[in-house]
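Here's the structure, in structure tokens; my notes come after.
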Amino acid sequence: GVGFKAGVKDYKLTYYTPEYETKDTDILAAFRVTPQPGVPPEEAGAAVAAESSTGTWTTVWTDGLTSLDRYKGRCYQIEPVAGEENQYIAYVAYPLDLFEEGSVTNMFTSIVGNVFGFKALRALRLEDLRIPPAYVKTFQGPPHGIQVERDKLNKYGRPLLGCTIKPKLGLSAKNYGRAVYECLRGGLDFTKDDENVNSQPFMRWRDRFLFCAEAIYKSQAETGEIKGHYLNATAGTCEEMIKRAVFARELGVPIVMHDYLTGGFTANTSLAHYCRDNGLLLHIHRAMHAVIDRQKNHGIHFRVLAKALRMSGGDHIHAGTVVGKLEGEREITLGFVDLLRDDFIEKDRSRGIYFTQDWVSLPGVLPVASGGIHVWHMPALTEIFGDDSVLQFGGGTLGHPWGNAPGAVANRVALEACVQARNEGRDLAREGNEIIREASKWSPELAAACEVWKEIKFEFEAMDTL
């Protein structure tokens with residue numbers, strides 16, 4: 001014979017190793033596994049480990065030329081999910097050597113590239129990843145991080161304020177720039193290109209960049225504050241994306257933007273490197289994330305996409321609001337907000353954090369709260385997100401009955417009132433409405449905003465509960 005036993009394999013003999021002690025250098029994954037009826041959980045967990053590492057469906061001759069023990073993924077623990085029938089969390093350990101250094105792309109191709117179509121599984125969701133320090137250190141991470149951004153902007157002790165310019169499609173570049181100017185002049189720190197504003201026939205990117213730069217410089221001169229507009233550099237090719245970032249740098253503006261999931265991790269990491277080398281901040285939008293993360297039992301949880309972004313690089317990322325029109329459970333959201341901002345995050349299952357994560361001083365990312373929020377939400381947002389965040393009010397600025405600049409004034413007054421109240425020791429959760437009401441006596445712009453949005457609520461049952 002040829003010296004090996006041919007035939008289809010029983011995965012659990014090789015890949016289910018409950019006695020395995022994880023190494024500090026292993027990448028650890030927590031999968032939510034729903035096996036097909038009749039498939040035992042150990043076999044399903046082992047299949048995940050095999051298919052996302054060294055395994056193939058049958059024994060092959062070339063297995064003899066390598067050391068399976070050194071390179072295989074191992075399913076080292078399986079636990080049933082409370083309250084779910086036939087659903088398990090399978091923990092898998094991957095040896096570090098399976099991954100190319102500094103490549104989020106390769107990490108995802110390996111871990112989630114193939115296994116999600118596997119027939120023995122009804123559904124599969126990647127809930128969390130533990131990135132070991134040895135692998136973290138191969139990534140540059142965010143171009144600048146939270147502290148450097150505050151120093152560049154000279155803004156401390158409060159969240160930053162933003163606004164997405166609407167209508168997102170159809171404005172000419174000059175009118176777009178005018179809307180940017182009014183918002184920044186009224187008191188916002190940032191305005192934002194919508195994620196799907198790239199370079200369309202009604203407004204080419206170069207014209208937009210030029211008029212937005214003009215708006216930034218004019219509003220800076222008039223307010224004495226540093227201003228920015230997230231110029232969306234996302235493009236159809238990496239070369240074109242970098243060309244747009246170069247033009248932004250030539251204009252001297254502080255920040256550009258990228259859609260990291262539609263643009264892809266390879267493009268994103270290149271852009272992040274360019275931004276660090278050239279002193280540009282990088283704002284990240286997560287367009288397409290719900291395609292990947294919305295289903296409770298299949299796909300990838302956003303906390304994994306957030307960790308991946310911190311590795312690939314970005315200074316801001318959208319992270320749900322807890323209070324607005326887009327869903328996001330409070331504890332779960334705060335869990336991945338901490339994963340974005342903090343250096344060391346303890347395992348905490350109540351917040352969806354399956355592993356302790358040590359980022360070994362990789363810079364942090366500012367979470368961006370955006371979507372359906374307005375002045376009445378300000379106390380809750382200040383309380384929930386704290387100072388290190390960007391609060392973005394699109395309609396909540398531009399929908400003001402008196403126009404953009406008064407809308408911006410209303411938001412800035414509301415924010416400053418909340419920060420002052422908090423610093424004076426007041427309870428934002430309990431006295432929030434009172435704080436806003438008091439402030440509106442001194443600000444007609446805020447009073448008008450309070451009138452418009454007094455009854456708006458977006459209330460649905462959350463989808464993604466643990």
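Heads up, the Cβ atoms here are built off N, Cα and C, so glycines get one too.
Residue density at Lys166 (active site, proton acceptor): 16 other Cβ atoms are found within 10 A of its Cβ, drawing on all protein chains shown. Annotated active site, proton acceptor per Swiss-Prot: Lys166 (among others), in sequence order.
In this structure, His285 (active site, proton acceptor) is part of a beta strand by DSSP. Annotation source Swiss-Prot lists active site, proton acceptor at His285 (among others).
Counting every protein chain shown, 24 other Cβ atoms lie within 10 Å of the Cβ of Ser370 (substrate binding site). Summarising the annotation, Swiss-Prot assigns substrate binding site to Asn114, Thr164, Lys168, Arg286, His318, Ser370 and lists sequence analysis as the type of evidence.
Taken from Swiss-Prot, the feature Mg(2+) binding site covers Lys192, Asp194, Glu195. Within 10 Å of the C-beta of Lys192 (Mg(2+) binding site) there are 29 other C-beta atoms, taking all protein chains into account.
Look at Swiss-Prot and you will find Lys5 tagged as N6,N6,N6-trimethyllysine, backed by sequence analysis.
The feature site 'Transition state stabilizer' is assigned by Swiss-Prot to Lys325.
When the recorded positions Lys168, His285, Arg286, His318 are compared by the number of other C-beta atoms lying within 10 angstroms of their own C-beta, Lys168 comes out lowest.
His318 (substrate binding site) is 6 Å away from His285 (active site, proton acceptor) when you measure Cα to Cα. Note on the binding-site residues Asn114, Thr164: the fewest other CB atoms within 10 A surround the CB of Asn114. Relative to Arg286 (substrate binding site), the recorded positions Lys166, Lys192, Asp194 all have Cα atoms farther than 10 Å away. Checking each of the recorded positions (Asn114, Thr164, Lys166, Lys168, His318) against Glu195 (Mg(2+) binding site), the C-alpha distance stays within 10 Å for Thr164, Lys168. Cβ-based neighbour count (10 Å, all protein chains) for Glu195 (Mg(2+) binding site) stands at 21.
The Mg(2+) site is defined by Lys192, Asp194, Glu195, and by the 8 Å test on Cβ atoms against their centroid, the other residues of the chain that qualify are Thr164, Ile165, Lys168, Asp193, Asn196, Val197, Tyr230, Asn232, Met257, His285.
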